[in-house]
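Feature annotations, reproduced from TrEMBL:
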type     : residues                                       : note
DOMAIN   : 35-347                                         : domain 'Cobalamin-independent methionine synthase MetE N-terminal'
BINDING  : Lys50, Asn148, Arg553, Cys554, Trp599          : 5-methyltetrahydropteroyltri-L-glutamate binding site
DOMAIN   : 464-787                                        : domain 'Cobalamin-independent methionine synthase MetE C-terminal/archaeal'
BINDING  : Ile469, Gly470, Ser471, Asp637                 : L-homocysteine binding site
BINDING  : Ile469, Gly470, Ser471, Glu522, Asp637         : L-methionine binding site
BINDING  : His679, Cys681, His690, Asp694, Glu703, Cys765 : Zn(2+) binding site
ACT_SITE : His733                                         : active site, proton donor
Amino acid sequence: MILFGSFRLCFTVKERNSNLLQISKVNLSIRSMASHIVGYPRMGPKRELKFALESFWDGKTTAEDLQKVSADLRSSIWKQMSDAGIKYIPSNTFSHYDQVLDTTAMLGAVPPRYNWNGGEIGFDTYFSMARGNASVPAMEMTKWFDTNYHFIVPELGPEVKFSYASHKAVNEYKEAKALGVDTVPVFVGPVSYLLLSKPARGVEKTFDFLSLLDKILPIYKEVIAELKAAGASWIQFDEATLVKDLEPYQLEAFTKAYSDLESTCSGLNVIVATYFADIPADAFKTLTTLPGVTGYTFDLVRGEKTLELIKSSFPSGKYLFAGVVDGRNIWANDLAGSLSVLESLEGIVGKDKLVVSTSSSLLHTAVDLVNETKLDDEIKSWLAFAAQKVVEVNALAKALVGQKDEAFFAANAAALASRKCSPRVNNEAVQKAAVALRGNDHRRATNVSARLDAQQKKLNLPILPTTTIGSFPQTIELRRVRREYKAKKISEEEYVKAIKEEIFKVVQLQEELDIDVLVHGEPERNDMVEYFGEQLSGFAFTANGWVQSYGSRCVKPPIIYGDVSRPKAMTVFWSTMAQEMTKRPMKGMLTGPVTILNWSFVRNDQPRFETCYQIALAIKDEVEDLEKAGITVIQIDEAALREGLPLRKAEHAFYLDWAVHSFRITNVGVQDTTQIHTHMCYSNFNDIIHSIIDMDADVITIENSRSDEKLLSVFREGVKYGAGIGPGVYDIHSPRIPSMEEIHDRINKMLAVLETNILWVNPDCGLKTRKYGEVKPALEAMVTAAKKLRAELAK
């Protein structure tokens with residue numbers, strides 16, 4: 001119950017959901033209301049696509065079975081938006097793996113190693129590019145801008161022969177039309193596609209990808225012509241690279257591309273979408289003067305400065321798709337605030353040209369709040385998942401045309417007020433501790449070289465020490481044990497016994513393989529962020545809040561709704577149990593504060609760095625407790641440090657300063673003999689290597705193999721690194737098992753640029769998603785390669 005002036009407004013989640021239901025059952029006659037969705041989650045409310053994909057990959061179901069599940073998901077998404085009154089409904093945003101890979105398939109840009117012989121690209125070639133196969137590795141995977149979604153990086157060069165090889169976009173448009181839904185086909189724009197590419201093997205890294213524009217535009221034209229013939233009236237090109245710092249020649253490529261497409265697009269309404277950040281003034285000018293473009297989508301949640309550009313220089317006669325509903329977070333929209341912004345824009349662009357939209361694709365948020373059974377009513381009332389955001393977009397569009405649902409807006413205002421004053425959100429002691437951090441940069445007293453010497457005396461490791469990143473395969477039996485324990489179907493004693501047996505099996509396997517620094521395999525953990533969030537205050541958890549990370553891999557981000565603290569030790573019990581099973585060093589395994597932050601849905605009522613400092617203090621307590629318990633090697637994963645980097649260079653320094661500082665806070669108090677590791681995966685690190693050095697970890701393990709050893713180029717160019725470093729020697733996200741000779745060759749390449757005494761040998765990432773039948777031979781090849789090189793170096 002919330003007090004407003006002289007009256008009380010009572011609300012419950014049930015009443016709010018009732019309002020959501022009423023507002024979604026709009027009459028078809030108000031479809032003229034201008035509402036638009038940039039994109040929508042693909043996995044399904046219960047991860048239906050994930051299970052269909054994995055069943056197909058395992059050979060348990062057919063391609064037809066997979067296509068049937070996919071078609072059912074697409075039709076339900078289109079129908080949901082149509083029933084909610086959305087006017088501009090996207091198609092071609094569904095994907096069996098990744099939208100950039102779909103574009104690569106459309107353009108026929110298949111690397112030669114996959115032996116594609118032309119024609120329509122089928123699942124065999126498509127999934128080989130995404131996942132690799134028994135004989136060739138997958139294409140590189142990296143972060144999509146500053147999100148936790150990963151895309152498959154196109155491999156291009158002057159010799160690539162493009163051809164129209166996937167009719168997916170046209171087929172899905174026709175599929176929706178047959179269901180009575182007229183959609184807006186969405187594409188990765190031609191310029192952004194090229195700017196997101198990497199040189200194919202053997203191509204100089206200075207190759208100008210934009211030189212291929214004239215080669216790919218004819219394929220785009222073929223697709224557009226087919227869509228026009230099929231009856232499409234709108235089309236959307238996602239050109240998100242426009243929010244980055246682009247050179248003048250790169251901006252000129254947009255003008256060139258859309259000038260070339262103009263005649264083909266004649267008769268179509270063309271939307272160009274940008275998202276994730278403010279658009280720079282020069283890019284805004286380029287975008288809003290592109291020939292043949294009808295309207296523009298802007299992120300007005302993360303791009304607050306873009307509002308000023310719109311107010312000062314938006315072109316007359318064009319449509320503005322105003323992204324006021326957040327596509328990246330799960331908080332309920334401030335409907336009154338958004339409506340105020342929209343009303344101010346009406347006077348600039350005209351009522352008939354203003355369209356309410358999401359700030360980005362809803363791919364980056366959870367699917368539907370209706371499926372949540374774990375969240376209490378109060379927290380649930382503060383949230384909106386993708387399905388609810390569709391309703392919010394339509395509610396704002398209705399309000400703009402004089403059909404405001406007063407009850408829905410009032411319930412929204414009450415929920416926002418409840419969150420603001422809830423005692424669950426605010427903890428004064430935590431806030432004071434975080435403020436006290438200011439003015440200290442929290443560095444360990446001894447330099448890394450001296451620390452490594454002290455650690456080596458204690459650990460006595462061989463040269464090229466071997467280790468793994470943390471997790472071991474999560475078997476069906478293991479998941480069953482955790483599930484039954486959560487459901488109280490087995491006792492705590494039975495649960496501990498089962499987990500202890502799994503840890504013993506993992507320790508025994510590593511000793512048999514002769515790995516030098518061991519891990520306990522993390523059998524007790526569901527997810528590297530969720531596991532810690534469940535033990536920290538200020539976090540809430542969903543039952544079905546899954547978000548796609550890559551392919552079939554989904555994560556369930558925690559929700560940070562309040563101030564963060566650690567009520568008790570989180571990992572000490574399991575780590576000490578594992579250490580007692582072996583005389584070899586056993587790593588304590590923690591997730592770092594920046595990664596917990598970047599892989600969570602973060603509160604939006606205070607700066608992100610303040611929340612990060614609170615998490616850092618909680619992890620610091622855990623590190624010190626592990627050290628007291630006799631754990632001498634502690635890994636603090638910062639897998640997501642790079643992905644939080646702002647898209648604009650002017651904002652990099654501030655982010656890196658507080659992110660790196662947060663990591664140092666966690667381990668500033670440990671002894672020199674305690675070895676601090678960190679791990680990073682699947683991103684471009686070369687431009688932040690000096691910040692990585694500034695983290696002052698004793699050892700860093702880092703993704704390297706899937707990106708064609710791009711990381712090593714930093715060291716070839718003269719960057720000096722004095723701490724221990726383990727660039728990954730094989731890709732764990734592919735089922736392919738590497739040979740000993742292949743790993744031996746990779747380590748040799750590393751030794752050409754790194755000192756022998758600092759190099760570690762390890763996989764790219766954790767082994768959680770792999771099967772033991774893949775893990776054992778791969779690790780055996782890794783250890784054998786390391787031993788062979790030790791013998792060679794000894795000679």
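Start at 1 and count along the chain as shown; that gives each residue its number.
Cβ atoms are placed via backbone N, Cα and C, with glycine included.
Those TrEMBL annotations? Automatic predictions, nothing curated.
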Exercise. Taking the centroid of the Cβ atoms of Ile469, Gly470, Ser471, Glu522, Asp637 as the L-methionine site, which other residues of that chain lie with their Cβ within 8 Å of it, listed in sequence order?
Worked result: Thr468, Val519, Met528, Met589, Gln635, His679, Gly766, Lys768
Problem set entry | Cys554 (5-methyltetrahydropteroyltri-L-glutamate binding site) and Glu703 (Zn(2+) binding site), Cα-Cα, nearest whole angstrom | 20
For this session: Out of Ile469, Glu522, His679, Cys681, His733, point to the one nearest Lys50 (5-methyltetrahydropteroyltri-L-glutamate binding site) in space (Cα versus Cα); all of them are recorded positions in the record.
Result: His733
For this session: Between Cys554 (5-methyltetrahydropteroyltri-L-glutamate binding site) and His733 (active site, proton donor), find the distance joining the two CA atoms and give it rounded to the nearest Å.
Result: 13
Seminar exercise, completed: Ser471 (L-homocysteine binding site) to Asp694 (Zn(2+) binding site), Cα to Cα, whole Å, comes out at 26
Seminar exercise, completed: Smallest number of other CB atoms within 10 Å: among the recorded positions Lys50, Arg553, His679, His690, His733, that is His690
Exercise. Residues with Cβ closer than 8 Å to the Cβ of Asp694 (Zn(2+) binding site), same chain and 6+ apart in sequence?
Worked result: Val660
Problem set entry | Tertiary neighbours of Asn148 (5-methyltetrahydropteroyltri-L-glutamate binding site) (same chain, Cβ under 8 Å, six or more apart) | His364, Val547, Ser549, Val555, Pro557, Asn598, Trp599, Ala640, Glu643
For this session: Measuring CA to CA, name the entry from the recorded positions Ile469, His679, His690, His733 that ends up nearest Glu522 (L-methionine binding site).
Result: Ile469
For this session: Fill in the CA-CA distance, Asp637 (L-homocysteine binding site) to His679 (Zn(2+) binding site), as an integer in Å.
Result: 5
Exercise. Can you give the largest Cα to Cα distance in Å, as a whole number, for the residues Ile469, Gly470, Ser471, Asp637 that bind L-homocysteine in the record?
Worked result: 12
Problem set entry | Overall pLDDT for the domain 'Cobalamin-independent methionine synthase MetE N-terminal' (35-347), taken as the rounded mean | 97
Exercise. In the structure shown, which of the binding-site residues Ile469, Cys554, Cys681, Cys765 has the fewest other Cβ atoms within 10 Å?
Worked result: Cys554
Exercise. Cα-Cα separation of His690 (Zn(2+) binding site) and Arg553 (5-methyltetrahydropteroyltri-L-glutamate binding site), in Å?
Worked result: 31
Exercise. Which ones, of the recorded positions Arg553, Cys681, His733, Cys765, have a Cα no more than 10 Å from the Cα of Gly470 (L-homocysteine binding site)?
Worked result: Cys765
Exercise. Near the Cβ of Glu703 (Zn(2+) binding site), how many other Cβ atoms are there if near means within 10 Å?
Worked result: 27
For this session: Rounding to the nearest whole angstrom, report the longest C-alpha distance spanning Lys50, Asn148, Arg553, Cys554, Trp599, listed for 5-methyltetrahydropteroyltri-L-glutamate.
Result: 20
Exercise. Looking at the binding-site residues Ile469, His679, Cys681, Cys765, which ones sit with their CA no more than 10 Å from the CA of His733 (active site, proton donor)?
Worked result: Cys765
